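Working notes for the structure below.
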Amino acid sequence: MGSNQSWVTEFILVGFQLRAEMEVLLFWIFSLFYIFSLLANGMILGLICLDSRLHTPMYFFLSHLAIIDISYASNNVPKMLANLVNQKRTISFVPCVMQTFLYLGFAATECLILVAMSYDRFVAICHPLQCTVIMSWRLCLVLAVTSWSCGFILALVHAILLLRLPFCGPREVNHLFCEILSVLKLACADTWINQLVILAACMFVLVGPLCLMLISYMCILWAILKIQSGEGRRKAFSTCSSHLCVVGLFFGIAMVVYMVPDSKQREEQEKILSLFHSLFNPMLNPLIYSLRNAQVKASLYRALKKRSM
């Protein structure tokens, strides 16, 4: 590089590029969704901590999912909301890399926590008599710590590889936040190592876990079909079908974004898809996993009754 080469110190987040009135409308809609996701996940986290009846492996993993969803949304959504009502949509280089690191860390951790949850359901339905022995608190803790550690180690690798790249050209990140693929397009050097590591990470946190979960749920489905009680079969199927909805949406969208070849036409679609992970998924998880769950509703009723007394 020449001595007069200028280096990028901040990026511009392009966003949706809509009319001002539409962006203000989206600001209020997304703000409501964000507040709801914080309240719903916070309430579930509080109920699980306070109610001893919910101190089981399933709710232990749900509490981690709630923490991830709160953190995941809080990493991306506030800046996105600010950009909807602000013409100056810049973000400095270091905060941008930090946002990328946290985004990837929470995303990878959620993938692995979902695998742990599917294993817990597999043990509970396929081996109900040995459930308490197999899913001991020690194993639950090991699975949770492993999920968080692997998720953030992977994110750290991505962040280090991103920091070694020179950014000297365009500053416009064609996304709602500092998403890694959009940032890599602005680098002034070959990014093949970054792309290779992203592909390897996808195999580790997307393809591998998805295959394990599909095997688990096939075994679960087979076990459900053998349940004699109609009520028991309905309850088991209801629990697992809600898990499959979240798994299918979360993993399906992530694989479309990170494993399907890129194109100009897909850039706007990817912005919309990323909204699901950042905004809608944290809002849907409490609804699908917990608030329609009889135990959680009973716990909420007891908490409200105790408060009114």
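Note: Cβ is positioned from N, Cα and C throughout, glycine not excepted.
Unlike curated records, TrEMBL annotations are generated automatically.
TrEMBL annotations:
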type	residues	note
DOMAIN	40-289	domain 'G-protein coupled receptors family 1 profile'
TRANSMEM	25-50	transmembrane segment
TRANSMEM	57-74	transmembrane segment
TRANSMEM	101-119	transmembrane segment
TRANSMEM	139-163	transmembrane segment
TRANSMEM	192-225	transmembrane segment
TRANSMEM	237-260	transmembrane segment
TRANSMEM	272-291	transmembrane segment
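Nonlocal intrachain contacts for the transmembrane segment (237-260), taken as residues 6+ away from its ends with a CB within less than 8 angstroms of a stretch CB, comprise 107, 110-111, 114, 117-118, 121, 125, 181, 198-199, 202, 206-207, 209-210, 213, 217, 220-221, 224, 266, 270, 273-274, 276-277, 281, 284-285, 288-289, 292-293. Here the listed stretches are 25-50, 57-74, 192-225, and the one with the most C-beta pairs under 8 angstroms to the transmembrane segment (139-163) is 192-225. Non-local neighbours of the transmembrane segment (272-291) in the same chain are 30, 33-34, 36-37, 40-41, 43-44, 62, 65-66, 69-70, 72-73, 76-77, 80, 107, 175-177, 179, 242-243, 245-246, 249-250, 253-254, 256-257, 297; each lies 6+ residues outside the stretch with a CB under 8 Å from one of its CB atoms.
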